[in-house]
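**Q** Mind looking over this structure? Questions follow.
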């Protein structure tokens, strides 16, 4: 499964940095680690996406989904160094984040503001808390959530009711003139979100392709994705193997588990050794 996902475009930091395969930041969004993983994401997308698509249309929802997924992949690549990552969770969290910012930027249009806000915050907190379980890439969740939250201020901004009503006034009727389509705070949030998105994505991309490891400057950040307990462990260190290349065989021993295996491979490449080592140690 590991090798197959890699061939199909799973997120692997070494291949992105050394192999310059930046396309993996996008392709990993469409891959899943099994039928159950796929079904969970499809159900989440149905519950979250239908309401947003009905209100804002396919194009804007699609942009938020794709860009948020890309943002989740970027953050995952900066922190997750020892395993591959697949799934649309970052994109889904982006849609949830955009719902939160849409509520904020269109605050005056909602009747039950506080109830809607508390519900969204509760959903976000619960899902992020589940992300501390092992084998769950919570960094993709966080990156997607932040990206979607900022994108919501940009693409989900609604005009004032007074401005809309002004356009519907019949000839001869008089109404108080409304010059601006949006309120001042909406313009401020839009501008701030655009600047943060451009700066954030640019810095993240540059750091990633320079081989930057965010864990070197944040010793506690790995706990955001997995918290070790008595029932499970979090293996955040890269998998390494002792390699012995024979004329027609390749002998690998996982340094972490001591597992040994011989492969009928002559002249194995470094990529092949890395894939087999990850598979042996997993």
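Just so you know, glycine gets a Cβ as well, placed from its N, Cα and C.
Since we're looking at a predicted model, the values are computed, not measured.
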**Q** In TrEMBL, which of 62-80, 214-232 is tagged transmembrane segment?
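**A** Based on what TrEMBL states, transmembrane segment spans 62-80.
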**Q** Looking at the candidate ranges 29-50, 161-182, report the one that TrEMBL labels transmembrane segment.
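**A** Per TrEMBL, the stretch marked transmembrane segment is 29-50.
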**Q** Choose the correct range: of 6-24, 139-157, which one does TrEMBL annotate as transmembrane segment? Give that range.
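**A** That would be 139-157, per the transmembrane segment entry in TrEMBL.
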**Q** Could you tell me which of the ranges 86-107, 240-261 is annotated in TrEMBL as transmembrane segment?
**A** 86-107
**Q** Could you pull out which residues elsewhere in the chain have a CB under 8 Å from any CB of the transmembrane segment (114-133), counting only those six or more residues past its ends?
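**A** Cβ under 8 Å, 6 or more out: 93, 96-97, 99-100, 103, 141-142, 145, 223-227, 232.
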**Q** What are the helix, strand and coil residue counts for the domain 'Peptidase S54 rhomboid' (20-156) according to DSSP?
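**A** For that range the per-state counts are 107 helix, 1 strand, 29 coil.
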**Q** Between the transmembrane segment (62-80) and the stretches 29-50, 139-157, 187-209, work out which stretch tops the count of Cβ pairs under 8 Å.
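**A** When the Cβ pairs under 8 Å are tallied, 139-157 comes out ahead.
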**Q** How does the model score the domain 'Peptidase S54 rhomboid' (20-156) in terms of mean pLDDT?
**A** 90
